[in-house]
Structure formats: C-alpha cells, structure tokens
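Listed in Swiss-Prot:
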{"type": "BINDING", "residues": "134-189", "note": "ATP binding site"}
{"type": "BINDING", "residues": "Asp257, Glu270", "note": "Mg(2+) 1 binding site"}
{"type": "BINDING", "residues": "Glu270, Asn272", "note": "Mg(2+) 2 binding site"}
{"type": "DOMAIN", "residues": "101-303", "note": "domain 'ATP-grasp'"}
Amino acid sequence: MTDKIAVLLGGTSAEREVSLNSGAAVLAGLREGGIDAYPVDPKEVDVTQLKSMGFQKVFIALHGRGGEDGTLQGMLELMGLPYTGSGVMASALSIDKLRSKLLWQGAGLPVAPWVALTRAEFEKGLSDKQLAEISALGLPVIVKPSREGSSVGMSKVVAENALQDALRLAFQHDEEVLIEKWLSGPEFTVAILGEEILPSIRIQPSGTFYDYEAKYLSDETQYFCPAGLEASQEANLQALVLKAWTTLGCKGWGRIDVMLDSDGQFYLLEANTSPGMTSHSLVPMAARQAGMSFSQLVVRILELAD
C-alpha cells in the first residue's frame, strides 16, 4: 500500500496566498507522479490530528511563520511523521535573517554590512551610537523584517528622512528589523535538492528590487537560467551556497539568495527552506534546466523527507 501524503498549504502567515498556489501546484505534481496526496490547510484543519487522519508523510508547502520556522517541524517530529525540508533548528535559523547572517559571518562567509534594531529600541528612540552605525552604511539602504519572507515589509531607503517610515513598516511585521547596506546587484538564487546544487538563476526585476510584486505578480521580472556567469564564477557561487546551506544545518531542498555587488563579490542574502512552488517560482525553473519536470521535482523532494 502506498503512503498517504498530506500537502500542507495556506496557513496563517503573511504568505498565505502564495502558499495556497504553491500547495495546489505541488498537489497536482505529486498526483501526476502517482502519489496518493491530499491538501490540508492548517487554518481549517487541526494538524495535530494528521496521524489519526491516516497520513504517513507530510509535504510542507507552507511559507513563512507557522510553516517554515521550525514550530511545525517540531510538532511533526513529536508525532513521528516524516516531513519534507529542513529540521527544527535549521528552519528556525533560516527564517531569521539576523541569526542567519550572524552564523554566516562567524563562518567567514560574505554578508552585507547591517545594523539590527528591536522594536523597543525604535520606540525609545535610537541612540547616537545607533544613528552613527546606520549613517556609516551610507545610502541607499534596504530595511527588512528579520523573520518575514516574500519581501513582505521590506523597503529601499534612498533619503535619510524616509528611514523612519521604512522602519515603521518593517516593525509592523516583526520585533526585529535589519537595516542593510544596499547592494547594487544583480541578484542570483541557487536551489539545492538533496546533495545536488541546481543551476543558478539571475533575477532581473523591472522595479527597484525583487519585491513581492516582482516575485509573484509581475510578468516583467526576467529570469535567466543559466545565469550567464563564467564557469569559474558559477563554481564559486555554488561552493558559497553549499557552505551557507551546511552552516545553517539545512537539508532536503531549498534555495539560497545571493547578490553580486559592483566589487565583483558575492554576498549572501537569505536561505529559504520552503521556497515558492508557483508558476513564477525559481526552484522548478532551475530543476527544468537540470532536465527535471515539475512532477519529478516534487516526487524527489518527497523522497528526501525524513
């Protein structure tokens, strides 16, 4: 008898709509591959009952908090249900941009200079030291919530007087916010599937940066796979991504986002342990370049579940 698979989709995070689309695509791909799969939305269904509902494995197609942050992974482990993607610790670290950066920096990997602020510090008023640290980053900067995905709450700041509004927006989404030196790009993303590093993708948004609209709504964002890098650059990028991935303890499948700055140096942006799987998504694009159909991709991700 084949395993009965729960595809978790939707959920309650800011990325619910994206997750519903990802989950629907994953479900169709698994079924096409002969897998006995069913959609389960944690917003509608008590996921603590998955085992009693007869499920033997879980494909996590949730994005953001409550699905990608280690909490769900811990629950599934306590229930003894194998699931796709990274474990508890790696999921929690990867969704947290600040702690990812601290670990990468500690491992000697390149990250953009940044200043981290808490909501309490912001509400109290920034100290002269903090203001000096922010000023030292120069302009423009990018302001982002530490634990939000899909560029939610993120904004580019080109003038000093716009910083407060950008921080206010970011603090609507998290208790910790990063102010990062702006990197000129281009942006690349590299997908990982088991032990395999898939071909890199170069991203060219039509707007200021690769924001929510560029990721999920715009048809003007351009993607290049292969990315057009020289063989030595591609090898360097893949080696960097593998180090970043293993430093966080990630496994299964996912994506690392990287920026190439004007100095010719790659800088790590963030890790995604449950990336989008929509029509605009990048892991399926990289898999296609590697000769893998969408159905083959999702079946392979499921095979890696433990």
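Just so you know, glycine gets a Cβ as well, placed from its N, Cα and C.
Mean predicted confidence for the domain 'ATP-grasp' (101-303): the pLDDT average there is 92.
The Cβ of Glu176 has fewer other Cβ atoms within 10 Å than any other of the binding-site residues Glu148, Glu176. Val141 (ATP binding site) is surrounded by 25 other CB atoms, counting those within 10 A of its CB over all protein chains shown. All chains included, 17 other C-beta atoms sit within 10 angstroms of the C-beta of Leu169 (ATP binding site). When the binding-site residues Ser155, Asn272 are compared by the number of other CB atoms within 10 angstroms of each CB, Ser155 has the fewest.
Taking the C-alpha atom of Glu176 (ATP binding site) as reference, the shortest distance to any of the binding-site residues Asp257, Glu270, Asn272 belongs to Glu270. Ile134 (ATP binding site) sits 24 Å from Asp257 (Mg(2+) 1 binding site), counting Cα to Cα. Between Val141 (ATP binding site) and Asp257 (Mg(2+) 1 binding site), the C-alpha separation comes to 18 Å.
Geometry remark: Leu183 (ATP binding site) versus Asp257 (Mg(2+) 1 binding site), CA distance 13 Å.
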